[in-house]
Amino acid sequence: MSDTRPKLLIVEDDPGLQRQLRWAYDDYRLFIAGDRDEAIEMLRAETPDVVTLDLGLPPDPDGTSEGFAALADMLRIKPDTKIIVASGHGARDSALEAIAGGAYDFYQKPVDIDELGLIVRRAFHVHALEQENARLADSAPADGQVLGRLITSAPEMSRVARTIERVAHTDVSVLLMGGSGTGKALLAEGLHDASPRRDAPFVTVNCAALPEPLLEAELFGGMPGGGARAGSGRIAQARGGTLFLDEVGDMPLTMQAKLLLFLQERRIDAADGDAPANADVRIVCASHRDLEEMAASGAFREDLYYRLAEIVVRIPPLKDRPGDPALLARHFLNRMAQDLNPQVKGLAPDALAALDAWSWPGNVRELENRMKRAMIMADGKLITAADLDLDEDAADGDAVNLKAAREMADRRAIRRAMARTDGNISGAARMLGISRPTLYDLLKQYQMQG
Ligand SMILES: Nc1ncnc2c1ncn2[C@@H]1O[C@H](COP(=O)(O)OP(=O)(O)OP(=O)(O)O)[C@@H](O)[C@H]1O
């Protein structure tokens, strides 16, 4: 049977260390190179997704020139390779320089096998996610990014994306339910872009933003309180395309009746005696409230609910998407760096831990805002928890019971220990007064390794 384990290339010139590493990785197919030429040859032949690279390679074992040259060569040949760089004692600067040059991460020598194992595992994980996102983007229609714009590593969210992809080519009405900032507007647009209506307009109306007379005029056209004028409202503008009714749960009941009538007749009346205009629009709605519950309690018209919610898609909050905060943070960093702070190249270990520990009440929008702030505040090449305003005081959070408070305290202590030991598991466990396996268990339990 062929070996399907992921391929890991280790570039290391010390035979002792080569041996040690060879035994450490059962889960991967290992390839070991002792110098730059060998490393390039193996990269071309085996195309490993992850590489660990010692910067001190012959003929310059005490310097870093060969290591940096190997890094640049490898990234040129296979840019998606996740390269983890080993930095010698006291050579943190060269590690940071390597990250600036495109390395994925670094570890400090002497090697802590457990710590390196964690970094390697995470690198494979991130690589797989990037491939998955690229696949989603590739499967989008020719013109567009569509759901390729959605960044996620969480199965729950990938399921949401698949549902949207599947319903996009039908005309069923879709209700997106999720907290503020979970990506409802992004998904609604993604749905439109993936649908046969993609060349027609995508029109958004925020039902919470306007009082009833204005909302009516906005949707149907004409003057507030006056008759409708076919052609001038947002429904008419969306003809042939998609009308996105955001925060539909906030629509006043009388307005709900008018919307229902429109959905039944699919026509907009003209005030001046002209024939009513036909309106072929696909409706997509979103609400941060539980519309089903509102319909059951009479706060929202049940008949309208069933028309709007032929398919209901529930979007999980960011705190329930393991691994997503760090993934999204890297995405926003890459997107914003050019404009806001080109010297920022990555996230410090304490920032990654803080991203994991935070409960994200404002979901992705909050993360985007915190990253924007952090990019502006960051002094160095790496964003810290303090830049994100997620240092200790901020992390006091909103524990609602003793269990949640304990978990929060655990997370905070672990985060602090990991930050103080630069992510060294043995050191962090010692600092916390627990065994290494216990720390591993906690990291797993709190999903803090992603
Ligand atoms: N999974 C994601 N990947 C990339 N960007 C995202 C993702 N989810 C949300 N965003 C970005 O986060 C911001 C907030 O998302 P969006 O406006 O879609 O949320 P929303 O649920 O409609 O929020 P609200 O209810 O507050 O209007 C936007 O800038 C959006 O592009």
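Using the three backbone atoms N, Cα and C, a Cβ is placed for every residue, glycine included.
Source: prediction; values computed, not measured.
According to TrEMBL, the domain 'Response regulatory' annotation covers 7-124.
Confidence in the domain 'Sigma-54 factor interaction' (150-376), given as mean pLDDT, stands at 87. For 150-376, the entry in TrEMBL reads domain 'Sigma-54 factor interaction'.
Under a cutoff of 8 A between CB atoms, and with a sequence separation of 6+ in the same chain, the neighbours of D54 (4-aspartylphosphate) are V11, E12, D13, D14, L17, G67, A86. In this structure, D54 (4-aspartylphosphate) is part of a beta strand by DSSP. TrEMBL lists D54 with the feature 4-aspartylphosphate.
Residue counts for the domain 'Response regulatory' (7-124) under DSSP, helix first, then strand, then coil, are 55 helix, 25 strand, 38 coil.
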